[in-house]
């Protein structure tokens, strides 16, 4: 009995030690970047982990600098992310509602096409989209990004959303239909309220995608005033090697914190979203 | 009375909408008529050029010509623009043909109803019919058009590029023309020594990377999930919240940051190692260590996702299975091996394959962290940590070897598609068996 108790305690002790080590390694980079943003000077190098002096000057510089138009970039990104989120979620919902609730000719074909299209390396088609946007005189505009992000949304989101909608009992639809609800009524009065967790999940992923995407944004946005935050940040550490690391850190904190807060609030939903995608495909 | 059917069909075949007007569906007929008028107007201007364009990809390069007695450079055909314009026109043509067939079918069916003496729908009734019975199709039009123009067309464009010689230095518009070359690009990629060496090298590393990164994050996540959900561990929510942080930090930030942390000269990791009297490691500059670094960093980014997923699965395992195992005198490890592991593996197997496929395409992890470096002298435009995708990126945007990049893209697609389709089939059979849920 005593032996068993001892084994139990030592098991817990080892577990706690491992957890603490893991927690430190999970937190370390995050703390490091916060401290980096508060450190005076420009360099990445520091003698101590915790700086001797703390300063907010980098945050101020981000918004006053003539070289880094962080405020403009932030607003650009916010605009693009919000617009493409709204349109993208709407399109995904339409698609997934249609394929989940209706049986029509070509449904299976549509589903497999969607699945296969999702497998192409995204930017394999980037050059083509670039030329296409050039044809339509949309280069260097935010509209172009919004269109492309939103048009791509159903591709990535439909399967997960469909999996979720499939779990909403059909008897609800049928009951409403008997009460005289139209298709659109069922969609807006029953499906939409019930799929709030899924919508939140989709909205989050649709928002974060444009927020951090820089490959495509960098290709399309040519003038500095039009850049998104991601392009600007990339530029900050990539062109002038490391010389502005503290500024980069401050920008990183401003980008990461809102997203982290969102994630923290929506943790539960994320788990549901992930498992819904996993087991119901 | 069959004459009505024939007349309506023939009229609609001749010009969209005529059959509908003959059927006394005036509003619908006029809408169809206007659509065809617009399309015909568009095709008169464009179709001929589109067919010529897709066949020849242009025939006059930039050249010198005498304009008003002065010799100067005259812009020729830009093969790539011609190709994309032709594609757009052909897509509009396909859409038009679909509408045309629908219009004929509609005219035929309405006429048949009239023959049977059923009154035809007026416009309002037609709208209501669509709302009640063709709802899904109507819903899908908007997403479908988006996908058609921004996903399918670009993919077809890129597939076509793989069969041309669109590449630097000698075939880049506008100065030069691009021609169709058939399978030559693929032959070069797979058999020509200079290219094939790089291709097989990068392919091997891509596969190794995909396997290692999937396995490490999956089992890392499993380990963490088990640790937290053990009996007797307190503050479960707290641990989970902390360990989820790497997932919440945008990859753009965390990977660029890691690149600095692992910097060989002034990165903190090496500073600590030196502090403890160990020599620093060439994390990102040595081919072998660079590979190790990307795997480690990817664990940092990827473990939280697996952890979340597996913790979700763990809660669904029925408690009585453990109780039954306890009654049989199973040790903790046996309980894990016999109950937990099979259940977790069973539910997450599809995700595992999806993650594997995703890692083959994991552009961010490599591009932001190493940029594919360190440079490998034996490779054509690729570094030691380059995956096929990042190589593709370099080939297109840095080197302008567009045809080669397109060929690589098609090969990546074939690899990933085969995995995913296999996976999809299996998931479906899972679902039908109803073993879980």
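We number each residue from 1, going along the chain as drawn.
Including glycine, each Cβ sits where the backbone N, Cα and C put it.
Not measured: the values here are computed from a predicted model.
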Which one of these stretches, A:78-99, A:166-187, shows up in TrEMBL as transmembrane segment?
A:78-99
Matching range for TrEMBL feature annotation, transmembrane segment, among A:111-131, A:195-215:
A:111-131
Positions on the same chain near the transmembrane segment (A:143-161), where near means CB under 8 A and six or more residues out:
80, 83-84, 87-89, 91-96, 99-100, 114-115, 117-118, 129, 133, 195, 198, 201-202, 205-206, 209-210, 213, 216-217, 220-221, 228, 273, 276-277, 281
